[in-house]
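Asks: Questions regarding the structure given below will be posed in turn.
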Amino acid sequence: MMLGTEGGEGFVVKVRGLPWSCSADEVQRFFSDCKIQNGAQGIRFIYTREGRPSGEAFVELESEDEVKLALKKDRETMGHRYVEVFKSNNVEMDWVLKHTGPNSPDTANDGFVRLRGLPFGCSKEEIVQFFSGLEIVPNGITLPVDFQGRSTGEAFVQFASQEIAEKALKKHKERIGHRYIEIFKSSRAEVRTHYDPPRKLMAMQRPGPYDRPGAGRGYNSIGRGAGFERMRRGAYGGGYGGYDDYNGYNDGYGFGSDRFGRDLNYCFSGMSDHRYGDGGSTFQSTTGHCVHMRGLPYRATENDIYNFFSPLNPVRVHIEIGPDGRVTGEADVEFATHEDAVAAMSKDKANMQHRYVELFLNSTAGASGGAYEHRYVELFLNSTAGASGGAYGSQMMGGMGLSNQSSYGGPASQQLSGGYGGGYGGQSSMSGYDQVLQENSSDFQSNIA
């Protein structure tokens, strides 16, 4: 039996999937058949720590019968979005509202703000000038980098007091150089999740003499299943993707880094088909510098995407179409340079219409021309910075011509041809190297045994 408000549980439902711009009036209209306690005041929206709508809300109703009516609205649409309705209670509602939003204990009173959209190569001195007149604590500026040592376009700044931090927030959308800077409330905990790169990677920058593909818990093993989703979160989605979850060594599912200490989130993010299965759509890049988008509104056009990245000028936009002929909510955006692609990542989690969009970097410094295909494959990733022709083709190992030979969970003979200029990775073009490749592969297998 459901207890009344005096018993502590109340008559509460939780709503998920609301449009980001949803108002209390719209929620009231959605539940027009139900009696909401205190009208609009009985609708409690949930916000992120940056103060943005999360797409969820609690609704307080007047009786158990009203709760039952509200639950019948589950999976009905608001605009063009399906809205989920769950049974909840006062205890859950109070806890969630206390621990989320910009004024939660995790974000209040520590003087931190997060900057997004910094120009490529922005220095701490430029940030100090940007906040001229506002006191920053000593060593209070943190500039996160990715696993390749590149700037993420973000920064964390700790001010001498929360009051000063509040003043800093008023500089939201002001410029550094030609870039608009977004400023959000932050916390020490958020800084730690973005800035503590795994120390073990430092010892993995160069391959050892006995490194070999596919050996046990080796760095090349690419698993399937839960690890893919963890990988897809990427370093820009809070934390460091697959590494934090699996300590970088995979254990057969998910992956953190390859033999050379590179984060595989960057190399494999941007794959198209999320059914963890067979292939998917293929996008051919002419520059090798792409950003993959996920979470687009289904009515988004190419022009919307060009405007989203303004003032950057993408070379080309490719909106993905699924096997059923419908848009997937994903797209690939090609840029002229690696620097432009990195700068575009500053728009990660920014809104397009009512949805926030996730971005995944698919660019390698120094890559020039050549096409790559992003598909789900069971091969380990072979990619070298500065490769010409096809940045995702083959990698020569020790001068022995061992390229695209070993696979994880698939036939050892599976090939991914098209490496250097489209003719140096496949079996048919290896000619005299075939025998060497086979002998080396056999040696590796015997070493493993």
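Backbone N, Cα and C define each Cβ position, glycine as well.
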Asks: By the record in Swiss-Prot, which of Arg114, Arg188, Arg233, Arg262 is the one labelled dimethylated arginine?
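Replies: Per Swiss-Prot, the residue annotated as dimethylated arginine is Arg233.
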Asks: So which of Lys87, Lys185, Lys200, Lys349 shows up as SUMO2 cross-link in Swiss-Prot?
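Replies: Per Swiss-Prot, SUMO2 cross-link applies to Lys87.
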Asks: Have a look at Ser21, Ser63, Ser123 and find the one that Swiss-Prot tags as phosphoserine.
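Replies: Among Ser21, Ser63, Ser123, the one Swiss-Prot marks as phosphoserine is Ser63.
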Asks: Of the residues Lys14, Lys35, give the one that Swiss-Prot describes as SUMO2 cross-link.
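Replies: In Swiss-Prot, Lys35 carries the SUMO2 cross-link label; others show none in the record.
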Asks: Write down the residue from Ser23, Ser32, Ser269 that Swiss-Prot flags as phosphoserine.
Replies: Ser23
Asks: Hey, does DSSP put Lys87 (SUMO2 cross-link) in a helix, a strand, or just coil?
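Replies: Where Lys87 (SUMO2 cross-link) sits, the three-state DSSP reduction gives strand.
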Asks: 10 Å Cβ neighbour count around Lys87 (SUMO2 cross-link)?
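Replies: The answer is 15 other Cβ atoms.
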Asks: Just going by other Cβ atoms within 10 Å, which of the recorded sites Lys35, Lys98 has the emptiest spot?
Replies: Lys98
Asks: Expressed to the nearest Å, what is the distance separating Lys87 (SUMO2 cross-link) and Lys35 (SUMO2 cross-link) at their Cα atoms?
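Replies: It is 16 Å, counting Cα to Cα.
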Asks: Write down the Cα-Cα distance for Lys35 (SUMO2 cross-link) and Lys98 (SUMO2 cross-link), rounded and given in Å.
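Replies: For Lys98 (SUMO2 cross-link) versus Lys35 (SUMO2 cross-link), the Cα atoms are 25 Å apart.
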